[in-house]
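Undergrad: Dropping the structure in here first, questions after.
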Amino acid sequence: MNKVVLLCRPGFEKECAAEITDKAGQREIFGFARVKENAGYVIYECYQPDDGDKLIRELPFSSLIFARQWFVVGELLQHLPPEDRITPIVGMLQGVVEKGGELRVEVADTNESKELLKFCRKFTVPLRAALRDAGVLANYETPKRPVVHVFFIAPGCCYTGYSYSSNNSPFYMGIPRLKFPADAPSRSTLKLEEAFHVFIPADEWDERLANGMWAVDLGACPGGWTYQLVKRNMWVYSVDNGPMAQSLMDTGQVTWLREDGFKFRPTRSNISWMVCDMVEKPAKVAALMAQWLVNGWCRETIFNLKLPMKKRYEEVSHNLAYIQAQLDEHGINAQIQARQLYHDREEVTVHVRRIWAAVGGRRDER
């Protein structure tokens, strides 16, 4: 199995292809990407027969920006007979996966696939039973075994394969299903909530998103991101010349500072979180974020970088490299992750966590 399917946001196939070609090449896993505009997925075809499995095992999924999900697959199954679609699929998977832990029958996230998605949900139940009988799936769901993927690109036409549960997205189609809170000031609140799900392990939420923490929201108006921090019982400095939602001010947890987010300097020394969703050139935002991290003004940050019309992967890579270089120059160890989230549009969301300072005299951040 030498092909890897990567699901992405429709319209960003070229960026997804450029990224996987670059990062696979860095690991000497060579191949080429098949791209169809607005398809919502990319296929990276490796030159060596076993390199698909090697790629999804060795390249950390968390290092990918534009992929929502990935899995290795074999040849395309076409013209599945309507009276028995199950037998050919089981045949393709036998000998490839043994005792898989979960089945996901998926499609790309496009308008054209919505009808197909209804079929996938109905088809999952009988297919799961058949795969269990054949030994492809274990008799119970377990996160410790590979995930079996059946990916329909058209009626009667699918790829079959698998991903490793330790190196994939835990979400169906790579999309967390979040509900918009009725009392939130704007839909942008879902970006930050999704970022928490993607970047912070669930078992670390109580420690890293704790009650009573201090946080700063730069460019906060009307308060979509502040809302997420308030919901987790943090104290928030919301920085923006524009007004904040009164419902947030009424909580007593928000201090509204009518200032430019680029000029604001914190006076507290115990700020755990800084978040930022400002419409500005990505290089300018990256420079501001680096300044906050280098100066130790916050421990963790989540921010958005708005994307240009062209060379989006190159632009994001350049900005992330700049932040990394600034941290390295000042002896600061940090984890950097970036992802184009489901709720993002022409942007990517970045998470940086200071871990410790390698320079004497700096406070350990762990």
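Yeah, the Cβs are placed from backbone N, Cα and C, and that goes for glycine too.
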Undergrad: To which of Ser188, Ser247, Ser269 does Swiss-Prot also attribute binding of S-adenosyl-L-methionine at the site defined by Cys221, Pro222, Gly223, Gly224, Asp240, Asp260, Asp277?
TA: Ser188
Undergrad: Quick one: among the binding-site residues Pro222, Gly223, which has the most Cβ atoms sitting within 10 Å of its own Cβ?
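TA: The largest 10 Å Cβ neighbour count belongs to Gly223.
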Undergrad: Of Asp240, Asp260, Asp277, the binding-site residues given in the record, which has the fewest other CB atoms within 10 A of its CB?
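TA: Among the binding-site residues Asp240, Asp260, Asp277, the sparsest Cβ neighbourhood within 10 Å belongs to Asp260.
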Undergrad: Quick one: give me the count of other CB atoms within 10 A of the CB of Lys306 (active site, proton acceptor).
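TA: Its Cβ shell of radius 10 Å holds 17 other Cβ atoms.
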Undergrad: Measuring Cα to Cα, how far is Lys306 (active site, proton acceptor) from Asp277 (S-adenosyl-L-methionine binding site) in Å?
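TA: Cα of Lys306 (active site, proton acceptor) to Cα of Asp277 (S-adenosyl-L-methionine binding site) measures 9 Å after rounding.
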Undergrad: Translate the DSSP assignment of Gly224 (S-adenosyl-L-methionine binding site) into the three-state scheme.
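TA: SS state of Gly224 (S-adenosyl-L-methionine binding site) = helix.
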Undergrad: Please find, for Ser188, Cys221, Pro222, Gly223, Gly224, Asp240, Asp260, Asp277 as listed binding S-adenosyl-L-methionine, the greatest distance between any two Cα atoms, in Å.
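TA: Among the residues the record ties to S-adenosyl-L-methionine, max Cα distance equals 20 Å.
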